[in-house]
Amino acid sequence: MLRFSAQVWMMWLLYAGTFSNEDINRCEQQPCQNGGLCESHSGGFRCLCSQQRQNGRLYGGENCTTALSGCDDNQCENGGICSPLLVNDQHTCICLAGFTGPQCQTPTVFSFESRGFMYIETQLLDQEVPLNVTFSFRTAGPVGTLLQRRVDDLLLSIQLMDGHLSLRSLRGQGSSTLVQELPEYLSNNKWHTVVASLGGVVSLIRLLCTEGSCSRDSGARVQLLERASALPEPGTVRQSLFIGAVGGNWGSGRVADEADYPPSFLGCFRDVFVDSHLVLPAIISEDSDVQENITVGCSDKDKCDDSPCQNRGRCVSRGWRNYMCECHRPYEGNNCADEYITARFGKKDLESYAVFSLDDDPNDAVTISMFIRTRQSRGLLLILANSTSQYLRLWLEEGRVKVQVNNFETLVGRGAVSDGHFHLMTVKLEGIAAMLFQSAQSWGSTPIRPIQTHPGDLVFVGGLPDSRASASFGGYFKGCVQDLRINSKRLQFYPIATPVESYSPEQLVNAAQGCSSDNACDVNPCLNGGVCYSMWDDFTCNCPPNTGGQRCEEVKWCELSPCPATAVCQPLSQGFECLSNVTFRVESSVLHYQSNGKIKRRLGSVSLSFRTRQSTATLMHAQKDTDYLTVSLLNAHLVMELQSGAGKDFYKVTVPSKGPSSDGEWHTVELSMEDQTLPTSRWILAVDGGKKELSVSETAAGNLDFLREGADIFLGGLSMDTGVNLTGCLGAVEIGGLPLPFYLNTELNLPRPQEEQFAKINHNADPRYGCWGASVCAPNPCNNEGVCEDLFDLHHCTCPSEWTGPLCQDPTDTCISSPCIYGDCINLHGGFVCMCELGYSGKQCEVEVDMCENSNCRQGASCLKGFNSYTCLCPPNLTGEYCEEKIPEIPWYIETNPLPQLPVSTCTGTRWDYSCFNGGNCSEADDSCYCMSGFTGQWCEKDVDECASDPCMNAGFCVNYVNSFECVCDMNYSGVHCQMDVSDFYLYVFLGLWQNFFQVVSYLVMRLDDEPEIEWGFYVND
């Protein structure tokens, strides 16, 4: 950094004013204006003008009153500080480090981002006179050569070694000697300023300052060093100076190789002075050789931030403005810009291959990898061979990569790679295991015997020189191979610009450069007017409307509307068929068919659909000579009869169906040979897809090939003579997959294009298309407004609710469906009425009545629900039907026996559970109870009140007990019912007692007078 204080003091000294004789008095008068400071000294004073702007302006002069306007426009660039002068509104620029010029407009900073140099042309000096160089540098790298000074055979180098700056000397071909090393660590990414004296008696280097402590004389005029016009030839000059590094043998006249270069300096320089002349970086033409790899300016931005790596390469930072690209295959180079050149094998179906020879030993572990692209499912990829055997083979089989080691162990890839895309295939042979990979995905492994590779072994790619040997692997490979490697060494078909370790091809036969495609459209593969578009080793056809398939070979006939309105078009492999149903009646004609004589396929199956209510009918009959096939209904069961082949007695089969089919519904029939590859086989009959059960013939019979030519086929009857004996409908009928058409070609909008056909030969037949049953509902057979439903040759009457019977002829018994759930049904005209069981209500007796819902039981009583009534379970102090009566209280003076605590039984009823109280037991009928004596009610809930009949007479009080009572009588009465009057008895007893009492008293008085007196007392023994 520049020190601004010196400039400030210079300004103060220039414009401070004159000294006053009376210095103290002069400063006391405050002569300095605009913030200036007065400084007195002997003989006067001077004003130190403020460097802070006053009212937006700087001031100078004797009393700091002169406005300085030289910096009004602030013309200093790159952060330079403008300093105004008093003279003519001029200024000076105080430049920041790294810039120079009147306006600080010229940068002095340059950098090395890779190995480079700058040649400095110096004057011829006496060897005793040193060359003085001052420079600032900045780096984070611990090593590098900053300067090289050569005088004759003496080479002086300033280098960074482990972050310390050192001066080294080398004379001639001797060894380098350390002259001086600075103790400071300087590879800290800060600016350091160094002065060096190179040459003469003593050479030395000295660290002047480090970033933050450096200053610069802003007033010094800078002289620029004249640039060299060209780099002299090695050995033609006695002395030279290089910033950066060149080969160590440059001065000897020998071209330097990589080993001759000293470590490169990667970092920045600024303010480089050679003998007080400033060295400036320059932008030079590309053919100039005075400097190399110099960049103006200094940036420590990570170059990986600029994403220099192409083709998805990964950038790895390696220090000061240095990086490395980790390239994805098949890319290579500093920036992953070079792509390995692809070799095209089999272009235009030429036999092509390449041969490489191993010039080193790849070691025991061998990894072979390459990109392949092909649409061919077979072909030889690679063979590794020595003079005696082929010990590793790779080829394509059914689109998958197949690996064979030592002519024995084989490994097959899991997926196909013949899809026209690039696939990275890798084979690893490690010890006793072989592994196959597609990209990073493992496709399997297998144990092997170890292999040995040796120098001189051959690698064949794409095929072998012997075409017959290549044919055993599917022939020559047709496709592309790229970035082929054995371990880390490449096998380049065509070299790239980036130097890589590679085997060179010994032979390259018909292998073209690049991965171009054959023009598959040259042979016009698209049919029916399709337009061909070439793809890589393939083509696609833009097909016209109504065509399809890869080559437009499939005509979508049905989109051309070839069928009449009564039919549905069905596409076939080579044409179409118009499908419809046909109705057969007595007045109909049998349909007669024959082959067109062009049927080549084997006929081993028949399929048809039908609908009828006939129990006996002929659906189809086919015959040629003694061979015949009949499909008929017998007793409503489907029956197939077939006689075919030599020895008719041995090749006739009859197969009946398991169940009936004459129900008026559609049924499908499929007849097929159990094994259609054999001349004779058992036959299988499946009705409706075999949902119920398949029928299989017990013996074998021949096929239906007798129908291919000259046979007559009839639908609806046995022959034209016998006429129709089918009343019903037939759907599509096929023999061996070939339909029997219901429409003539003349009835179609387009003729059938298929070659193999059965043709209808009775042109005068006029079948009724569609499936039409008899008119069973016209007139309406249903009585009483019943609705007739047509069920195909059968009707069904849907009757009003009040009528029933097949023709709605009988009144409806409305009770037949038992509508009353809990009650008896009474049939009425137009309806019914239900007589409900006890406890149920509702129109159908479906509602259970809750008898307790509106019970009259008083509060505290429990309602016990019955079917048609209820009863009240009273608390102990209440009685009555609804527990509305209080039981009289027993007088206090009457002593009663406590009532027993009787158990309650829980019973399971017909509708709900119930309880038997007071010791009652469950009854098996009527949801009732067997009660103990003294209790009554359906659930023994009532105690029989034995006092209810007033059994106690003469005002006796009746006490009710369980199944008993007790009368508490008045004292004048007695007996069980207090019926005895005992009032006189008590008087006689009373008088007798008094008489006896007086007699006793009289007797005692008399006895007392006769006996001596007895003294009654108590004595206590002392």
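Cβ atoms here come from the backbone N, Cα and C positions, even for glycine.
Marked as signal peptide by TrEMBL: 1-20.
Feature annotation from TrEMBL assigns domain 'EGF-like' to 23-65 (among others). Looking just at the domain 'EGF-like' (23-65), the mean pLDDT is 82.
What TrEMBL records for 67-105 (among others) is domain 'EGF-like'.
Cβ neighbours within 10 Å of CYS93 (disulfide bond), excluding its own Cβ and spanning all shown chains: 23. Among the features that TrEMBL reports, disulfide bond is placed at CYS76-CYS93 (among others).
Marked as disulfide bond by TrEMBL: CYS95-CYS104 (among others). Within its own chain, CYS104 (disulfide bond) has CYS76, GLU77, ASN78, GLY79, GLY80, CYS93, CYS95, LEU96 as residues 6 or more apart in sequence whose C-beta sits under 8 angstroms from its own.
TrEMBL lists 107-298 (among others) with the feature domain 'Laminin G'.
Taken from TrEMBL, the feature domain 'EGF-like' applies to 300-337 (among others). Packing against the domain 'EGF-like' (300-337) from elsewhere in the chain are residues 111, 113-114, 139-141, 189, 266-267, 371, 424, 482-483, 496-498, 500: each is 6 or more residues past its ends and has a CB under 8 Å from a CB in it.
The disulfide bond feature in TrEMBL is assigned to CYS327-CYS336 (among others). Its Cβ placed at the centre, CYS336 (disulfide bond) has 21 other Cβ atoms within 10 Å.
Among the features that TrEMBL reports, domain 'Laminin G' is placed at 343-515 (among others).
What TrEMBL records for 517-553 (among others) is domain 'EGF-like'. Long-range contacts of the domain 'EGF-like' (517-553) within the same chain, counting only residues at least 6 positions beyond its ends with a Cβ under 8 Å from a Cβ of the stretch, are 347-349, 373-376, 420, 478-479, 559-560.
Taking all protein chains in view, 21 other C-beta atoms sit within 10 angstroms of the C-beta of CYS552 (disulfide bond). The disulfide bond annotation in TrEMBL covers CYS543-CYS552 (among others).
The domain 'Laminin G' annotation in TrEMBL covers 580-771 (among others).
Taken from TrEMBL, the feature domain 'EGF-like' covers 773-809 (among others). Across the domain 'EGF-like' (773-809), the DSSP tally of helix, strand and coil residues reads 0 helix, 10 strand, 27 coil.
In sequence order, CYS782, ASN784, GLY786, GLY805, CYS808, THR812 are the residues of the chain that are 6 or more apart from CYS799 (disulfide bond) and have a CB within less than 8 Å of its CB. According to TrEMBL, the feature disulfide bond maps to CYS799-CYS808 (among others).
Among the features that TrEMBL reports, domain 'EGF-like' is placed at 811-846 (among others). Within its own chain, the domain 'EGF-like' (811-846) has Cβ neighbours under 8 Å at 799, 801-804, 866-868, 911, counting only residues six or more beyond its boundaries.
What TrEMBL lists as disulfide bond is CYS815-CYS825 (among others).
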### Message
Give me the count of other Cβ atoms within 10 A of the Cβ belonging to CYS969 (disulfide bond).
### Response
20
### Task
Could you give me the DSSP helix, strand and coil counts for the domain 'EGF-like' (903-941)?
0 helix, 14 strand, 25 coil
### Message
Are there any residues at least 6 positions away along the chain from CYS874 (disulfide bond) with a Cβ closer than 8 Å to its Cβ? List them or say none.
### Response
ALA861, GLY880, CYS883
### Query
If you measure from the C-alpha of CYS836 (disulfide bond), which of the disulfide-bonded residues CYS327, CYS825, CYS940, CYS969 fall inside 10 Å?
CYS825
### Message
Give the nonlocal contacts of the domain 'EGF-like' (773-809) in its own chain as ranges (CB under 8 Å, at least six residues past its ends).
### Response
611-613, 664, 727-728, 829-830
## Note on the structure
Sequence-ordered disulfide-bonded residues within 10 Å (Cα) of CYS552 (disulfide bond), taken from CYS327, CYS336, CYS825, CYS940, CYS978, are none
### Query
Cα of CYS336 (disulfide bond) to Cα of CYS543 (disulfide bond): how many Å, rounded?
43
### Task
Find the one among the disulfide-bonded residues CYS931, CYS940, CYS969 whose C-alpha lies closest to that of CYS327 (disulfide bond).
CYS940
